[in-house]
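What TrEMBL says about this protein:
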type: DOMAIN; residues: B:36-552; note: domain 'Cytochrome oxidase subunit I profile'
type: TRANSMEM; residues: B:56-76; note: transmembrane segment
type: TRANSMEM; residues: B:96-123; note: transmembrane segment
type: TRANSMEM; residues: B:135-156; note: transmembrane segment
type: TRANSMEM; residues: B:183-207; note: transmembrane segment
type: TRANSMEM; residues: B:227-249; note: transmembrane segment
type: TRANSMEM; residues: B:269-292; note: transmembrane segment
type: TRANSMEM; residues: B:304-328; note: transmembrane segment
type: TRANSMEM; residues: B:340-362; note: transmembrane segment
type: TRANSMEM; residues: B:374-398; note: transmembrane segment
type: TRANSMEM; residues: B:410-430; note: transmembrane segment
type: TRANSMEM; residues: B:451-471; note: transmembrane segment
type: TRANSMEM; residues: B:587-620; note: transmembrane segment
Amino acid sequence: MKIDASKPLEYSTEENSNKIFGFWVFLGAEIPLFATLFTVYFVMVNRFASGPSASELFKIGPVLIETFLLLSSSFTIGLAIHAMRHGYKKAMMVFMAITLLMGLGFIGIEIDEFFTYVHEGATLQTSGFLSSLFVLLGTHGAHVSFGFLWGAGIMIQLWRHGITPATANKAFIFSLFWHFLDVVWIFIFSFVYLKGLM
Amino acid sequence: MDLDKFKVHGEPLIYGAMVSIALATIGILVGLTYFKKWGYLWREWLTTVDHKKIGVMYILAALLMLFRGGVDAMMMRLQTAAPEMKFLDAQHYNEVFTTHGLIMILFMAMPFIIGLMNVIIPLQIGARDVAFPRLNAVSFWLFFMGAMLLNISFVIGGSPDAGWSAYFPLASLEFSPTVGNNYYSLALQISGIGTLITGVNFIVTILKMRAPGMKLMKMPMFTWSVLITNVIIVFAFPVLTVALALMMFDRLFGSQFFTMANGGMDMLWANLFWVWGHPEVYIVILPAFGIYSEIIATFSKKNLYGYTSMVFSMLIISLLSFLVWAHHFYTMGQGAMVNSFFSITTMAIAVPTGVKIFNWLFTLRKGRITFTTPMLYTLAFIPIFTIGGVTGVMLAMASADYQYHNTMFLVAHFHYVLIPGAVFAVIAGFHYWFPKVFGFRLNERLGKHSFWWIVISFNVTFFPLFFLGLMGMTRRTYTYSEESGFGPLNMLSFVGAVGLAIGFLLLVYNIYWSTRYMPRDTTSDPWDGRTLEWATHSPMPVYNFAIVPTVQTRDALWSAKQDNIPLYDDKKITKIHMPSNTGKPFILGVIFFILGFSLVFSLWIPAILSGIGVIVMLAFMSFDRDHGYYISAEEVIATEKKLKRGETV
């Protein structure tokens, strides 16, 4: 494989730059996916039948912690990529570990929140509003959970093989994914929670 | 566990199908063992990452599905051939028209096009492979397993029965209590993921792997059409993914998206389905336009007229395809403003399409036309598709649509668009590119026989339906009375359907006959082609091009032949990097199949286990350190010499 030393490691082969471009196209497909879920949610938001409405259900506390964790983890994955560009394997691993732990914290709080809702009698089956809420949040949460497993897998590969064109490429693509989830969360935070609490 | 829900009751036809499926499966297994072909099958096909072989598998699967969907069609035409027919009961008829639509569009037309695209696109842009060969195999196996999942539905548990558009509340658990629509949501979901991956793969392939000198506006028209199609796939398929997931949640977990009570909204389904479903129509038709453009230019010996306007008309069509979805339900009470908007955008599509029709006609003008089989299909396409288009404009008028809505007129219209627009195109493309892949042509005489059978019978089958529609025969009617007067035209339509079946059987016979008796093609350019795929050997070696060609003009090979421009800038052959075969995509497909099947029947434990299996397989694929292999320069030179002597490798 030809390695172009003038480019960053993650872009250094033709295969690598194709993969990054391909992942951008994939993220292009994730936009209509989440856009559709948001549309479904906006259609459903006032159709709460006999169940609770958004303002009755949402509490700001856990959501703020979730937001803090996810936004900070987007920053730390940026630091991990920065460390990778300088070839600091250890620092990179530490930042990735922090990122994933914050992701895990996010998932934990979300699961706890779901349990609280269900405990209060607000389930997937209760109303159109709740169905759309659970599926929108759940899809984002499933992405974060998948991201956790994916990131852990990449860490193992980094630990075994070091920062190579292949592992750098994977880590970089993972960081794109993680940032994307952050962007989606900003929309959820603003248009689901803040708007719902109003 | 309730074993009873796996059974389909009381249909002698279905019992017959069960027995024949079992016998065919046993026959294949015994045959493979007896002829010791298991190893060959595994090494050469199931584990392949070669885009040409994947393309061939797509086309084979599509041909099989053409016959499955065709049998459905024959059963429908037979059932309605005369008043008060007792061939199928109402439920079975519902299942047959539902699976006919699903299979023909999603498991026949689209995979056929994706198959041609797989075989031809890398060759046409002078690339050695697609961007992500292993992902390409994943795409194929997901499509294939999705198709199989839908196909077993009619013998295990029952097929979907709410129409291919699966409108709610009809498709809800309340009104469709069998597992049929569970199959719908899962089979489409699995193959849809495969299609989305194909979309990503081909966008990257076309944008990043073109031969040096091939600027965007120098790409062959088929490549352009495929690029635009894949952009539509990437934007439209996620909507289907969501819609199907919500359907699955409603049916399996009791959520309230499309219910009539508890805040659900049935119109939400109609909108989501058609936001994907309308662009889907263009996903199957735009590549067909590309195929026709190639064929018309080749067999008129002229440059394509109005290349730039062709590209722009496709771009405009792709944009408009996302703005017309509500024309599928003018009569569902969405108000005059909304109907007007969708009426106008729908009619606007006729403009760029008309531009294309005139471009093809101007390409033919003063051309030196040869009437080969692919060219015949192309020439037949133009007037027939125009009838489909004009009736489409009739349907686009919202107020008039209240008259034709949900009648056989609509059925006639979309068959007049989709059969010339997609089926003729893939058959034409199949005849046109067949010698590239296999090294010999299909027999022209048999090809023309089958062409005339198909084209004439097509009109006999579907033209009467326009009149039946105007007479008031609604579609999806499983039987009607003598007094309605629908009998004679329906009988005529049935006769046409028999003719169509004969035409397609002739096509298959042609493949068999040509494989045995047609002389091998030694020129590798049997049609005097214009684009790069004809610049390499037929059949082509695994690496496509020994030296990557350099492109200077639009029809690179044609100008190379006319003006003696060299396609290769040097004679130096170097080692070539190729991806190695892998069985993981196939195994992933099998696990997805098990996952889908378990979810259909709400078997939670196998579903969870296979869900974990999917994650484990993905991890395996990520940890894979196989970076492929190199073919040495000496080996390439030896292969090239052999191919030049006309030997196979």
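Using the three backbone atoms N, Cα and C, a Cβ is placed for every residue, glycine included.
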With an 8 Å cut-off on Cβ pairs and a sequence gap of 6 or more, do the transmembrane segment (B:135-156) and the transmembrane segment (B:587-620) reach 3 or more such pairs? yes
Could you give the residue numbers and ranges of same-chain residues that sit at least 6 residues beyond the transmembrane segment (B:96-123) on either side and whose C-beta is under 8 angstroms from one of its C-beta atoms? 51-52, 54-59, 61-63, 65-66, 68-69, 72-73, 75-76, 88, 129-130, 136, 139, 143, 146-147, 150-151, 153-154, 159-164, 166, 180, 184, 188, 191, 195, 198, 202, 205-206, 209, 222-223, 226, 229, 280, 283-284, 287-288, 291, 418, 422-423, 425-426, 429-430, 433, 436-437, 476, 532-533, 536, 540, 544
What parts of the chain pack near the transmembrane segment (B:56-76), using Cβ distances under 8 Å and only residues at least 6 beyond its ends? 45, 87-88, 93, 96-97, 99-100, 103-104, 107-109, 111-112, 114-116, 118-119, 140, 143-144, 147, 151, 426, 430, 437, 497-498, 500-501, 504, 508
May I ask which of the stretches B:227-249, B:374-398, B:587-620 has the most CB pairs under 8 A with the transmembrane segment (B:410-430)? B:374-398
With the cut-off at Cβ under 8 Å and a gap of six or more residues from its ends, the chain residues touching the transmembrane segment (B:374-398) are 292, 295-296, 299, 327, 330, 339-340, 342-343, 346-347, 350, 353-354, 357, 360-361, 404, 409-410, 412-421, 424-425, 427-429, 431-432, 448, 451, 455, 458-459, 466
Mean per-residue pLDDT in the domain 'Cytochrome oxidase subunit I profile' (B:36-552) works out to 94
